Amino acid sequence: MKAKVHVTLKRGVLDPQGKAIGHALQSLGFDGVDDVRQGKFIELDLAETDRAAAQKAVESMCQKLLANTVIEDYRIELAD
Amino acid sequence: MSKQSLEPAVTVELAAEYGLSADEYQRMLEITGRTPSFTELGIFSVMWSEHCSYKSSKVWLKQLPTTAPHVICGPGENAGVIDIGDGQAAIFKMESHNHPSFIEPYQGAATGVGGILRDVFTMGARPIANMNALRFGSPEHPKTRHLISGVVAGIGGYGNCVGVPTVGGETNFHPSFNGNILVNAMTVGLADADKIFYSAAAGIGNPVVYVGSKTGRDGIHGATMASTEFTEDSEEKRPTVQVGDPFTEKLLIEACLELMATDAIVAIQDMGAAGLTSSSVEMAGKGELGIELTLDDVPQRETGMSPYEIMLSESQERMLIVLKPGREELAKAIFDKWELDFAVIGRVTDTGRLVLKMHGYTYCDLEVAPLVDRAPLYERPWEPTPPQADIDAASVPLPGPATEILHRLIGCPDLASRRWIWEQYDSQVGADTIALSGGDSGVVRVHGTNKALAITTDCTPRYCFADPVRGGAQAVAEAWRNLTAVGAKPLAITDNMNFGNPQKPRIMGQFAGCIQGMVDACTVLEFPVVSGNVSLYNETNGVGILPTPAIGGVGLLSDASLAVNIAFKAAGQAILLIGETKGHIGQSLYLREIHGREEGAPPPVDLAAEKRNGDFVRDLIGKRAVTACHDLSDGGLLVALAEMAMAGKLGAVIDVPAGTDEAGFLFGEDQGRYVVTTSDADAVVAGAKAAGVPVLRLGTTGGDALKLNGGDAISVGGLRTAHEAWLPEYMAGSLE
């Protein structure tokens, strides 16, 4: 089973990298971009075949390593 | 729609949630003469927090000596300013970011560095060096490794990006810091003595300008958080963590310095803890004027922010400036060029009131003076710390050969090399760093001159816990000694007072004791306090930290080429010990690490002898009479000799005088001592005798081992391996 994890900064947390991207877009002439928020995308190939168990395992990975839950949120998508 | 309908109604219960006691609530009502608005409550709550008002510590801080002929500006401004000759001034301060660093170590430490940098360049200085003083919990505690790794990366991440070298610091471990680490950051800057900028607003009608980053909902109530104890669930109740952006800070430094080179600025203040609230209140308060702000004009990162949120936000990289009339265009052009936000958000008024408007409503209309002048001030009850017994060194003899004990000590967490930490810092950017971490002080050349500034941070918390008066004096004396040991004339200090809950008489007694010791030492050593910061409530579940009055000292070398370091230079040079050795073993690392006893009275500090010995050593360095110098501190004489040998990759032959107690002589932590090497021992000995300074010939440099009394020996390479191994192995997790 595959798991896709999206890790993004919590709403309201300053995103200097997003700010830099927005700025670069502007200087390249892409007008009309009001705000940019960036994050990271992690793809996991899991041996687990049970959906609930996989969800639980990835949750735990997110809590312990993949996301810094003090400033980041995460979203998990499972696919067979 | 009235403003009341937009904000919660203020009650004594709500005020209590925001940290105001019932008495403080009454005092607030007396000042306002009506029930304050929610925004006004927020302003009272942060201005009267421990962090902003110093309500528990002020009565004690007042006792510290703060003046000297070379002091241009003492405590009360953003940072202290001292004269370093030739029309130049050094501006410096140390500040804590303890609570945020515990919650989010990387960002907490990074924004701590950003905050202290702003305190210094707000006053017109270009930052030239950073230092830090870190205390972590026991290495065995499950959080310690994660906290070290985050804090060190955060300090490096921010400091390295802004282009200011981190030239030194100190790191200790102790279980009392398990739930409350200490992250104290210091910045030293350089300015022209006649171009110092202050924060007092002036000129009725002058524009009040906001510059830097946009305001978001970052760290709302950080100042209040720094004024309460942690409990188990406070890790869940945290506010939005502030995230630093060092590249914006770099732009802000350059933009501010460019604007400062014009004559456009009347007053300037950084937005630190309590953000726009404390900066506007301080500017208006110091100028004895009013300020009226239109919050709609504050650059905002998020939509729908309330006046309360805008005033309390602790978004980083922001400044508040009062400009001369008509200079808005000039200033705006500079901030536009550096791609920073610039907005005129208000005016200076003659009303003496802070008036805040948004969406056409008035959310705050408060008299400024009482926010500061009538802030609560407590003379908290305190009890003196009971003295601990002196411990006779003869009662704790060496359990084995001295070199084996040295081998164990040199690799223990408190003495092991900090290379893993300081190699993550850019210590060379600017190309003016003469001495960096690993020596007694960092030394940074004053760019374009022959002068250099020496900088150190110091404190021995276990001494302060055992005897606050001695510990406070020792912290100041050791900072003074560190600067002296590189050849610098110590000029002034900044203090960062980290303590537990001041409402406990025992903790307040530690505070009072440390202050007393600091007052004594600052007075005798002519080493005034020019800036500082207080961090209280460093407790978790009722357990307080060891009292830690961290001292940041700055000294001047009139000729940078005179600076010496700790490394043995060449074989065949005489090794001399300056200062008296009585063999004080109480609270020594030897006693703790080898005998497992953290007890006894800490070493007394004879301030007159400290001064006499230090002045003598500095004079020797000034005459180029010594080739290396190291002051003695944690671990005592043999540890200092080992550090000198490791730094110089050169051994030594040492004689322990007959009839002395080996444990006390080699590992005692008597104060006021230095080891020097020289090629003319007779001249140094004669000079010491004439100056009334105790001196002892210890031996001679040479070989590749440290040899005691001709027999017991340990190779310098072996020492180095033990010294360098611990921290990298610990951080890699390979010690389990």
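Each residue, glycine too, has its Cβ placed from N, Cα and C.
Remember, it's a predicted structure, so these values are computed and weren't measured experimentally.
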Listed in TrEMBL for the substrate site shared with B:Ser96, B:His97, B:Asn98, B:His99, B:Gln242, B:Glu314, B:Ser315, B:Gln316, B:Ser535, one of B:Arg118, B:Arg327: B:Arg118
Matching residue for the ATP site, where TrEMBL names B:Lys93, B:Asp495, B:Gly532 - out of B:Tyr54, B:Tyr463, B:Tyr590: B:Tyr54
Averaged pLDDT, computed only over the residues in the domain 'PurM-like C-terminal' (B:571-704): 96
Top partner of the domain 'PurM-like N-terminal' (B:76-190) among B:204-357, B:438-556, B:571-704 - counted as Cβ pairs under 8 Å: B:438-556
Secondary structure composition of the domain 'PurM-like C-terminal' (B:571-704) [DSSP: H/G/I, E/B, coil]: 53 helix, 24 strand, 57 coil
Residues flanking the ATP site, with Cβ no more than 8 Å from the Cβ centroid of B:Tyr54, B:Lys93, B:Asp495, B:Gly532 and excluding those residues themselves: B:Leu61, B:Pro75, B:Met94, B:Glu95, B:Thr494, B:Asn496, B:Met497, B:Val529, B:Ser531, B:Asn533, B:Val534
DSSP helix/strand/coil residue counts for the domain 'Phosphoribosylformylglycinamidine synthase linker' (B:16-55): 27 helix, 0 strand, 13 coil
Long-range environment of the domain 'Phosphoribosylformylglycinamidine synthase linker' (B:16-55) - Cβ separation under 8 angstroms, sequence gap at least 6: 3-4, 7-10, 61, 221, 223-224, 226-228, 273-274, 277-278, 281, 306-308, 311-312, 354, 356, 363-364, 366-367, 370-372, 374-378, 502, 534-537
DSSP helix/strand/coil residue counts for the domain 'PurM-like N-terminal' (B:438-556): 44 helix, 41 strand, 34 coil
Cβ neighbour count (within 10 Å, all chains shown) around B:Asp270 (Mg(2+) 2 binding site): 27
Within the domain 'PurM-like N-terminal' (B:76-190), residues counted as helix, strand or coil by DSSP: 45 helix, 42 strand, 28 coil
Residue, out of the recorded positions B:His51, B:Lys93, B:His97, whose Cβ gathers the largest set of other Cβ atoms within 10 Å: B:His97
